[in-house]
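Participant: Here it is, the structure, as structure tokens.
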Ligand SMILES: NC(=O)c1ccc[n+]([C@@H]2O[C@H](COP(=O)([O-])OP(=O)(O)OC[C@H]3O[C@@H](n4cnc5c(N)ncnc54)[C@H](O)[C@@H]3O)[C@@H](O)[C@H]2O)c1
């Protein structure tokens, strides 16, 4: 039977986890926000405060609604604090071992009927489900970045996901005012299967000296009508996440066309992960972004 979701636990308070927390709270749900680092929860709450303040200043949300939404989000220091939730959404770093460790440690704190979801961009839902005690109540709920702005959420069923889990998740997404699509459980699902190889190709284009950062981004913005250039978008997503998705495509589909560009690997090895570390294909430390190549 489908369940009505009113209390949501979120694991990982980074750019995605904080965005998911905000939209859930704005839709009237209670949110418990967890991260392995307490400082990241605080930082996530600051991001939410700034985002809500922006909505109020633009007139898209009134002051009282913003305050109510913010008050619905509470920090969860341990997995035990997530025990009363109807749904857990894992939005931690895109690393399979990290996610498996979380699921293994999490499940004993949850009620049997609690649904568990992952926001992974690319990793097999069926494989992650196997790290839980409830593969039938496990699903991929893949939000897009930035969560408060983007309309789409991909739902991905693992091999064991029950219909009730899918229906509950679909109703939950509708409650958030967003649109869901259904994708089969293949590496990187639909959006990233198409988007990330395009970004990786843009990085090869830079690597081979076909164009500069500025030329490549301008070409795709004005020549293909993309709202953002692919290198700007890569910085926005996070270069570690981009690399991880390409690795999942390369390993999972065993086709050389998905080989991650060595320049992407180099940026990640340097710790230049894009906007979140203030440096990637652009340097964000000054008043305007400056290309790094
Ligand atoms: N960035 C995007 O554009 C985007 C879009 C859709 C989905 N995603 C997916 O969302 C997830 C999170 O991505 P992000 O961009 O928010 O990353 P991020 O680096 O901004 O945040 C990740 C957070 O996870 C926390 N974390 C790591 N290990 C943890 C653990 N064991 N327990 C609790 N917290 C832990 C980190 O401290 C960090 O705060 C990834 O799976 C990513 O693929 C990202």
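Glycine too: its Cβ is placed from the backbone N, Cα and C atoms.
For reference, TrEMBL lists these features for the protein:
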{"type": "BINDING", "residues": "12, 13, 14, 15, 16, 17, 35, 94, 99, 121, 145, 276", "note": "NAD(+) binding site"}
{"type": "BINDING", "residues": "51, 58, 121", "note": "CoA binding site"}
{"type": "DOMAIN", "residues": "8-182", "note": "domain '3-hydroxyacyl-CoA dehydrogenase NAD binding'"}
{"type": "DOMAIN", "residues": "189-284", "note": "domain '3-hydroxyacyl-CoA dehydrogenase C-terminal'"}
{"type": "SITE", "residues": "142", "note": "site 'Important for catalytic activity'"}
Participant: If one measures from the C-alpha of residue 58 (CoA binding site) to the C-alpha of residue 99 (NAD(+) binding site), what distance in angstrom results, rounded to a whole number?
Facilitator: 37
Participant: Just to be sure I understand the packing, how many Cβ atoms besides its own are within 10 Å of the Cβ of residue 14 (NAD(+) binding site)?
Facilitator: 18
Participant: How would DSSP class residue 99 (NAD(+) binding site) in three states?
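Facilitator: For residue 99 (NAD(+) binding site) - judged by DSSP and reduced to three states - the answer is helix.
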Participant: Among 12, 13, 14, 15, 16, 17, 35, 94, 99, 121, 145, 276, recorded NAD(+) binders, what is the largest CA to CA distance in Å?
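Facilitator: Value for the max Cα separation, rounded to a whole number: 21 Å.
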Participant: Secondary structure at residue 51 (CoA binding site) (DSSP, helix/strand/coil)?
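Facilitator: In the DSSP reduction, residue 51 (CoA binding site) maps to helix.
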Participant: So which of 35, 51, 99, 145, listed as binding-site residues, have a Cβ under 6 Å from an atom of ligand 1?
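Facilitator: 35, 145, in sequence order.
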Participant: My understanding is the cutoff is Cβ-Cβ under 8 Å with a sequence separation of 6 or more in the same chain; which residues meet that for residue 35 (NAD(+) binding site)?
Facilitator: 11, 12, 13, 14, 17, 41, 44, 92
Participant: Within 10 Å of its Cβ, which one of these recorded positions (58, 99, 142) has the largest number of other Cβ atoms?
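Facilitator: For the recorded positions 58, 99, 142, the Cβ with the most other Cβ atoms within 10 Å is 142.
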Participant: Kindly assign residue 58 (CoA binding site) to one of the three DSSP-derived states: helix, strand or coil.
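Facilitator: Looking at the DSSP assignment, residue 58 (CoA binding site) belongs to neither helix nor strand, so coil.
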Participant: How big is the gap, in Å, between the Cα of residue 121 (CoA binding site) and that of residue 142 (site 'Important for catalytic activity'), rounded to a whole number?
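Facilitator: A Cα-Cα distance of 7 Å.
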Participant: Rounded to an integer, what is the Cα-Cα distance in Å between residue 145 (NAD(+) binding site) and residue 51 (CoA binding site)?
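Facilitator: Here the two Cα atoms are 13 Å apart.
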